[in-house]
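**Student:** The feature topological domain 'Cytoplasmic' is assigned by Swiss-Prot to 1-160, 221-348, 417-810, 862-881, 939-956, 1011-1014. Swiss-Prot lists 161-181, 200-220, 349-368, 399-416, 811-829, 841-861, 882-904, 917-938, 957-978, 989-1010 with the feature transmembrane segment, giving sequence analysis as the kind of evidence. The active site, 4-aspartylphosphate intermediate feature in Swiss-Prot is assigned to 454; the stated evidence is similarity to another entry. Taken from Swiss-Prot, the feature Mg(2+) binding site covers 755, 759, and the record attributes it to similarity to another entry.
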C-alpha cells in the first residue's frame, strides 16, 4: 500500500505543480461526499479562473499607468476641468471627496495633483497636517470614516450552520439510505400498520439525521476556528503620526490624511502620496505585473496599496482606503482558490480510496450473497413467485446493509481528521505564540530534521545596549558610565560621534503622548541612539542642523549604511557610514586618535583595532564601526556614497543577551534528532561565542564565514555541510544556498527563520519558513509558513512538538479507524456468506460509523503533545506513514475482535442459554454491544502505538474523556431504550458485564501486541 501511495498520492508540502494536484484527485474513487471531502483542498478551477482574472486586471492597470505617465510627459498645457466639492463633503469641512482622491493616485494624475495644490494642498483639503497627522478626536475620525470609508476589503460572508448541514446531506450513501428509509416506512406501514411498521424506516432516518447533525457541528466548529485564524493572519500594524505623536495602528484603522511611516519590507497599506524620504524603491509586481521596481519621490509621489517597499524609507499621506484603492478593486474581483492540501490529507485520500474500493466490492458481494440466500429459501419452499410485504422489507434491509457497509468501509473521515487535528493544533499554537499561515507547515514541522536559525532576536533577546567602545583608539566600558563618558572623549570626536549617530540612522528619538522620550527603530539603532543621548546629543537639534543629501539604508548584502549631509559652514559635504566592523574598517585609511586628531591608519593601528574587534566578539558582543569622510569636489544625490577613504571614529560593542531557555531548547532538539544551525550576518567570533552559550556549537562542529562558504565547490560542500553548525557574515543568498543543499542533496526537512526582506528566498525555499512576528518585515511574513509571534527560539521548538503531535495523532486515528473498517467488513461479509444474515443492521452500522469517524477523530486527533514526543527521532522526508507497528496493532486487534464475534455467533445462544423467538435478536444485540465496547477500549489503547501505559495524561485531554463517556452513555440508551428503532433488545446485567469484559480484554491484548518487535 505504501509504495502505491508514494507513487500516486505523494505531494510536496509547498509548491506542488497543478498537474500533481490534478493527478491524485482523478485517482480518488468511491467518494461519498465530494463537497465535504474536498472542502479543505485547493479549488483548482477557481484558482485558474482567479489567475486569469488577475492577469487581465494587471494588464489593464499596467496599461493605464503607462499611458497616464506618458500622457503627462507630453500634455503639459491642458488644465484639469473645474472640480466641484460635493455638498456633504463641504458641510463636513473638507474640500475634496473620496472619488477625486482615488482618481489622483489611480491614474497617477500629476496635473490633477498640481491643480489641488500638490501634496500639501491635498493635506489642507483633507484637514490633515503633513507633520502632525490627523487629530485623534473621536468625532472627527468617525466623520472622516463615514465620508471616505474604512480600510477593509469586501469578504465572503461567514457560512452558517445550516449550510454545513446541507453539505453533510450531500453524502451519496446517506441519500440512498434516506430513500431506503422512506420505502421501508411506506411498505412497513402498509403491511404492519402504524406505528409498528414504521420502526425500521424511522430508525434509519433518525440515524441519518444524527450522523448529519454531528458531522455538521464538527465541520462548523472547524470553520469558526479557521475564520479566527484567518483574522489573525490579516492583523498588520503600521507606524502612524497622529496629533504629532508616533504610534502603532492597525491598517484597518487608517483614514485619508493619516501620515504613515514606511521602511524596507513594509507593505503599502493604502493608496497615498509620498511626503518625504530617501532612496524609496517600490515593487509593484503584485499589482501591475511589472517586475521592474519603481522609484518613488517628490516627482513620482504615487504609492499604491498592496505594493512592497523594496528599499529606502519614507513618510506617506493616505488618500484612498479599502475598496476604493486599486488593490481593493483587484481583491474584489478575485475568487479565493484555497490553500494547497497537505501531504497527509492527500495520502489519506489515497488510503480512503483503496479501502473504499475494497469496501464497495465487499458490499456488492454481501448484498449478492444475502439476496441469493433469500432466493434459495424461497426456491426450496416454492414461493419464489409470491412476495409478501415482510420479504420486500427484508430485501430492502439487505440493500440498506450493503449501502451501510459502504458508509463504514469508505473512511472519508481520514483526510478530514487531518484538518480537524490541524485546526485544533493551530488554535492551541496561537496561545503558544505561533501563527500558522499554511496548514501543511504545521504537519511538515513534525518531520523537521534541521532548523537554520537567525541569531539576533531569535536566540538572543533583541534588547541591545552598547556596553563597550573603542573611541579614538581607547577601549572603555560604556555600561553604567552615563554622562561621564562624554568627558573622557575629545570634544571634536564627541561632535563627530553625535553627528554620525543622529544623522546616519534609521531610528528616531521622539516625545510620546505621555511626554516621555522614546527611541524608535531596530534594537541595534536604538542602542546606538542611546549612546548618542548619553554623549549629550539632542536628536531633533542635530537633524535640523544638517541637510541630508543622500541616504543608503542598511541591507544584509552590503552590511553597512551611509548618509551624505551638507555642513552648515561653507556648504561642504560629509559622508558617514556605519556597519559590520571588519567591512567598514577595511574602507578606512585614517583614524581619529586619542587627542581627537585625524592620523593615517597604519599597520599597527589596524592590528590594534582588529584585536579589539575580536576581543569584543569573543565576549559575545556585536561590533559596529562608525566612520566619516569629507567629500571634495561636490556631491549629487545620484552619485553613490564612496566605498573607501573613510576616517574611523570608533568601534562599539553591543550586548544582546541569550534568551532564557534557549540552551535547554537546543538540547531538546538534539535529543529529538533535530540539528540546529545558526546562520547570522554577525562577526564569526561573536557568532561562535553565542553559539557555544546556546549549546549549538560543539567540539566536532564547524563555524564558517559566508564568503568562504561561497568559494567551495560541490564536492567540498558534500563533506562540509553536515558539519556546519555556525555560518557567520552570511548573505541572504548564502542562507538560500545552504537550505537548498540540505533539502536536495542531503534530503533533510529544513525549517528556516527569517525577519528581513532579503530572507524571502530562503523562507520560500525551506520546507517550513518561520518569520519573526516582532522584528519581521511584512515581505518576510508573506513568504513564511509560520509566524513566531514572540521571536523566541523556544517557540520554534514548541511548533516542532505540535507538528509531531499532529502527525502521531493522525496515525493513532488511522490505526483505530482501519481496525473498525476491517472488523465490520469481515464480520458482516463472512456472516452473510456462512449464515445468510448480517448480525449488524444498517442503524447499528451508522452508529459504529459515527463512533469511528466523527467521534473517533475528535478523541484521537486532538490529543495535546507530551514531552515524550521530543525523545523520538523525526520521521524525515521518506518515512512510511502507516508503519509496521500500526499494521501489527491493526491486524492483532482485528483478529481478536473477529474471533470473539465469531465465537458469539456460533456458540452465543448456548453460552447464554438463549432460546425462543427473540433469541436471534438477543444474540445480535449482544454481538453489537461487544463490538462497540471493543471499539471503546481499542480507542483507549490507540492513544499510544508503542507504549504500554495508555492512561498517562488521559485526563489532560477532556475531549477524549467526554467522547468515551458519551459513546458509552448513548450505547446504553440505544440498547435499553431504542430497541424498536435500532433492532436491539435490553440485555441482562450479566450480558452487560460480559460485553464490557470482552471490550476490556482487548487492552491487555493490545499491550501484548506492542511487545512484539516489528
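Keep in mind that glycine also has a Cβ here, set from the backbone N, Cα and C atoms.
Fair warning: this is a prediction, and the values are worked out from it, not measured in the lab.
Looking at the shown structure, can you explain where the listed features end up?
**Tutor:** Beyond the ends of the transmembrane segment (161-181), by six or more residues, the same chain brings 32-36, 39, 201-202, 204-205, 208, 211-213, 215-217, 219-220, 223, 396, 399-400, 403-404, 406-407, 410, 842, 846 to within a C-beta distance below 8 angstroms of the stretch.
Residues of the same chain lying 6 or more positions beyond the ends of the transmembrane segment (200-220) and with a Cβ under 8 Å from any Cβ of it are 36, 39, 161, 164-165, 167-169, 174, 177-178, 180-186, 188, 393, 397, 400, 420, 842-843, 846-847, 849-850, 853-855, 857-858, 978, 980-983.
For the topological domain 'Cytoplasmic' (221-348), the DSSP-based tally of helix, strand and coil residues reads 37 helix, 47 strand, 44 coil.
If you look at the transmembrane segment (399-416), the same-chain residues 6 or more away from its ends with a CB under 8 A from one of its CBs are 30-33, 36-37, 40, 173-174, 176-177, 180, 184, 204, 344-346, 348-349, 351-352, 355-356, 358-360, 362-364, 366-367, 370, 813-814, 817-818, 820-821, 824-825, 828-829, 838, 840-842, 845-846, 848-849, 852-854, 856-857.
The secondary structure of residue 454 (active site, 4-aspartylphosphate intermediate), as reduced to three states from DSSP, is coil rather than helix or strand. In the shown protein chains, 25 other C-beta atoms lie within 10 A of the C-beta of residue 454 (active site, 4-aspartylphosphate intermediate).
Secondary structure at residue 759 (Mg(2+) binding site), taken from DSSP and collapsed to helix, strand or coil, is helix.
Listed as Cβ neighbours of the transmembrane segment (811-829) (distance under 8 Å, sequence separation of 6 or more from its ends, same chain) are residues 348, 351, 355, 358-359, 362, 365-366, 369, 401, 405, 408-409, 411, 413-414, 417, 421, 838-840, 845, 848, 851-853, 856-857, 860-861, 863, 881-883, 886, 889-891, 893-894, 897-898, 901-902, 931, 934-935, 938-939, 942-943, 945.
Sequence-distant contacts of the transmembrane segment (841-861) (same chain, at least 6 residues past either end, Cβ-Cβ under 8 Å): 177, 180, 203-204, 206-208, 210-211, 214-215, 218, 397, 400-401, 403-405, 407-408, 411-413, 416-418, 420-421, 424, 809-810, 812-813, 816-817, 820-821, 824, 828, 924, 928, 931-932, 935-936, 939, 942-943, 957, 959-960, 963-964, 966-967, 970, 974, 981-984.
Residue counts for the topological domain 'Cytoplasmic' (862-881) under DSSP, helix first, then strand, then coil, are 5 helix, 0 strand, 15 coil.
Residues 1-2, 351, 811, 814-815, 818-819, 822-823, 826-827, 830, 839, 911, 923, 926-927, 930-931, 934, 938, 941-942, 945-946, 998, 1001-1002, 1005-1006, 1009-1010, 1012, 1014 of the same chain sit 6 or more residues outside the transmembrane segment (882-904) yet have a Cβ under 8 Å from a Cβ within it.
Long-range neighbours of the transmembrane segment (917-938) within the same chain, counting only residues 6 or more positions beyond its ends whose Cβ lies under 8 Å from a Cβ of the stretch, are 816, 819-820, 823-824, 827, 839-841, 844, 847-848, 851-852, 893, 896-897, 900-901, 904-905, 908-909, 964, 967-968, 971, 975, 979, 983-985, 987, 991-992, 994-996, 998-1000, 1002-1003, 1006.
DSSP states for the topological domain 'Cytoplasmic' (939-956), grouped as helix (H, G, I), strand (E, B) and coil, give 6 helix, 0 strand, 12 coil.
Beyond its flanks by at least six residues, the transmembrane segment (957-978) meets 203, 847, 851, 855-856, 858-860, 862-864, 925, 928-929, 932-933, 936, 939-940, 943, 984-987 of its own chain at Cβ-Cβ distances under 8 Å.
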**Student:** List every residue in the same chain as residue 759 (Mg(2+) binding site), at least 6 positions away in sequence, whose Cβ is under 8 Å from its Cβ.
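**Tutor:** In sequence order, the residues whose Cβ lies under 8 Å from that of residue 759 (Mg(2+) binding site) (at least 6 apart) are 732, 735, 752, 771, 780, 783.
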**Student:** State the non-local partners of the topological domain 'Cytoplasmic' (1011-1014) in its own chain: residues 6+ outside its ends, Cβ under 8 Å from one of its Cβ atoms.
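**Tutor:** Non-local partners: 883-885, 887-888, 892, 948.
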**Student:** Cβ under 8 Å to the topological domain 'Cytoplasmic' (862-881), counting only same-chain residues 6 or more beyond its ends: which ones?
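**Tutor:** Those are 2, 5, 344, 347, 420-421, 424, 428, 446-449, 668-669, 671-674, 747-749, 797, 800-802, 804-805, 807-809, 811-812, 814, 943, 947, 952-953, 956-957, 959-960, in sequence order.
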**Student:** Quick test of the contact rule: Cβ under 8 Å, at least six residues beyond the ends. What residues does that give for the topological domain 'Cytoplasmic' (939-956)?
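**Tutor:** Distal contacts: 808, 811-813, 815-816, 856, 859-860, 863-864, 866, 868, 883, 885-886, 889, 893, 963-964, 1002-1003, 1006-1007, 1010-1011.
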**Student:** Taking just the CA atoms, what is the gap between residue 755 (Mg(2+) binding site) and residue 454 (active site, 4-aspartylphosphate intermediate) in Å?
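**Tutor:** Computed Cα spacing between residue 755 (Mg(2+) binding site) and residue 454 (active site, 4-aspartylphosphate intermediate) is 9 Å.
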**Student:** Do you know the DSSP helix, strand and coil residue counts for the topological domain 'Cytoplasmic' (1011-1014)?
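**Tutor:** Going by DSSP assignments, the topological domain 'Cytoplasmic' (1011-1014) contains 0 helix, 0 strand, 4 coil.
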